[in-house]
């Protein structure tokens, strides 16, 4: 009986199959030829990036076009119904000939979108020389038209308006602009789905068009996202009462939430207003009018209050912990400024599937009432300031939960879990960052479907959890950085893991040699800041998909494996810095044809710069500084026109700087400092990148500065070389931001062009031979007046990012994709002297430092009073010059100065009391001048040591423990010139020299006689010398280098002694 039944079923199936085959027809010849004509039209316009669709269309009469890729036909009529062209990179912005589409009379769906979205590619318009604007009316059954990612503008609307049968129209990411006029497609009344996202529509809609959307009674989905609309568009949208989905993310909307303007959209189920600038409170009650609302996205705005979410209302009764959104399924409020505790009313939304409150300022405890949300699939609370204890056991009954993301920015949240706990859910994503975990949660042993695990920034210790890989064959992302793991182990069999980050742990053992065999599919690996030892494993060459590899800050040693250099051809970023790797660097060609960034600094590499670097055509950043490289810099490096940053500092490179380096078009950072380079700076450097950083300090460079060198650089460091001559008179003052010339042999006066340094931040001209006066116009320089201007960056960033769309469950809203972004900064490091010491500044600290150092030169004259106007200056050093006059009262305006050094000059008069207003002053030095009067007291002056005033015998006061009551001190009022009784030291020196020579000759003449009168003569000379010495101690402040005549007890010995080392001018 069963056999007969089976036979009957089999016969029925055969009959049905034969019936279908009998009814099937192949494509119509006219349409086959039309497809080939379309192909012939499109191919010449393409830059070679087609998918397989059009390429599969062959001119073979035996080939059924209904079987071609991208083509679908009606099985009965044989007519084409759907065409997806798969257009690639269209060049020169041609027009699309619509007449080529006319043969497809029964087509229902046309996909003419481009697979490439760029600013200058794709079709720019439509045309039909015969039918004109009515061309698309020939396609009477056309329902779906996709013209996305081209350069179409508003001129195509008259053509589109003729396609009255359209129900779905995609015009995303084109070049359409304001105004947005509905009358342009007023006849498309059958539209159900209109997508205009990614254009340039802006402004508001004319008042007369406010009700124009009413004619589109079938319109259910409208997407105007990623345009430039403002909030005045809402009265216009309020008339589209048939809408079920409205997306306006990424526009220019601001102000309070437009609840009143949206009150008539009672059919809306999805509302996306994310990535705008709405502020104020989220109007829970006002949104109650949208009774059918299922998905609401208000993320990435500026909402700052969750008062209504807390169930607290003015003039109304409280919600008593109940939200009025009974149909809500998905709610995204992330990346706002919501403060206060977790909104408890949300825990009453039992139908909620997605809840995202991440990246706000919520505090307090994570509520246990989350257990009420039994439909929850996605819960994201990371990026807040939750505190206290939270037990994961409270979520045990959420059987549908797939994504759990939780952390605490304040690191005050402690997540607890029971050892024996076995939840009902099977997670796909778990992220528990900064949750004070000390071990991997035990319940993960029961999770078998994990794709993404993030337990970073905790205190987990012990072995690397290789069992996570063994239990979860679909695991793609494993992030365990910044923990305390001590033993790195891997499973025995290969795994499909894509992203691994175990940086900043406490691994301190030999690295696994089978790493590349067990994890062959890795795309991104970060093992930095550990203690891994041994040679780099040759198995790394098995990771054919690897793009980002960071092994820096470990203890790897030995040479680079040859198999590694030949095998990982997809590498984009390679970081091997701060290890003990040795041998030559790239002596032969490597297979890193896609490599952008290579960091090999702080190792033990030796020998010449290898020719293998010539095989890296895509290289943007090369850092092999702080090694032991020798030889010359090869000129062929200049062939790498894609270089952004080249860092070769702190090696033993010799010879001259190749001129070719300055011909690299986009070179932003060139660091050749601390080598043994010699010769002149290449004279023709005008082609260097605009805004470049050039670091050549600590070499043996000689000659003069080329006139063209300063045209484009923003940072120039030439300190401690052998450069000489005058500074170039022409300087592009709009660019230079940091100019450091210390420790050379420059002469002449400070050029007046320096007064126009509109972006200067650090200026160091110290330890040279500049003379003349300090230009008073230096007060016109910026020195921090543009500190809010972020137009200059001293670092060269290189970003590596990989995004992965979450396919863990279906969502009405855009769920945040997984981004693994690694940024490598080629940092500019600058040393600058402040507070009597050299400190290194880089990154954000460098951008906040403003200083001027003119010390150790031969500058003379008075200090310009205008320097007191440099109000943002933080360090000023004028020491070891021949400056005269008084200390400026205007210095009191330097409120930000932390270090002021005026020592070893010839300044006189009092220290102005107004200087006590310099509230930031930490280091003050006026030693070895000719100052007089009372040392000010109060504020910062109470903290300065007596050494700050040495060599000024006429100063007195409590700060230096010298009483001002003695008759020897006659304080001078501020603003009064120096005491007329002060010895004219210059005249005194000349008279002293003449007297000294006369006496010396007399002494030498009498040395041959030994008589009572000669001994009496020596006693008289002793007394005279003692008197002269006392006078010198009181009046020689400000002299740089003096000699004191001292007579010893022996009448026949007279010596010259230098003053103590404290008196001496030092040159560093």
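For all residues, glycine too, the Cβ spot is worked out from N, Cα and C.
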From the ranges 966-986, 987-1007, 1008-1028, grab the one Swiss-Prot calls transmembrane segment. 987-1007
DSSP three-state assignment (helix, strand or coil) for residue 700 (N-linked glycosylation site): strand
Between residue 745 (N-linked glycosylation site) and residue 877 (N-linked glycosylation site), how many Å separate their Cα atoms? 19
Residue 202 (N-linked glycosylation site): secondary structure state under DSSP, collapsed to three categories: strand
Cβ proximity for residue 780 (N-linked glycosylation site), under 8 A, sequence spacing 6+, ordered by residue number, returns 755, 756
Determine the mean pLDDT over the repeat 'LRR 15' (472-497), rounding to the nearest whole number. 95
Row residue 930 (N-linked glycosylation site), column other C-beta within 10 angstroms, all chains, value 24
Please report the Cα separation of residue 877 (N-linked glycosylation site) and residue 153 (N-linked glycosylation site) in Å, rounded to an integer. 60
Cα separation, residue 930 (N-linked glycosylation site) to residue 153 (N-linked glycosylation site) (Å, whole number): 77
Hey, what's the Cβ neighbour count for residue 591 (N-linked glycosylation site) at 10 Å? 17
Starting from the Cβ of residue 202 (N-linked glycosylation site), draw a 10 Å sphere and report how many other Cβ atoms land inside it. 16
For residue 153 (N-linked glycosylation site): DSSP state (helix, strand, coil): coil
According to DSSP, folded down to helix, strand and coil, what is residue 591 (N-linked glycosylation site)? coil
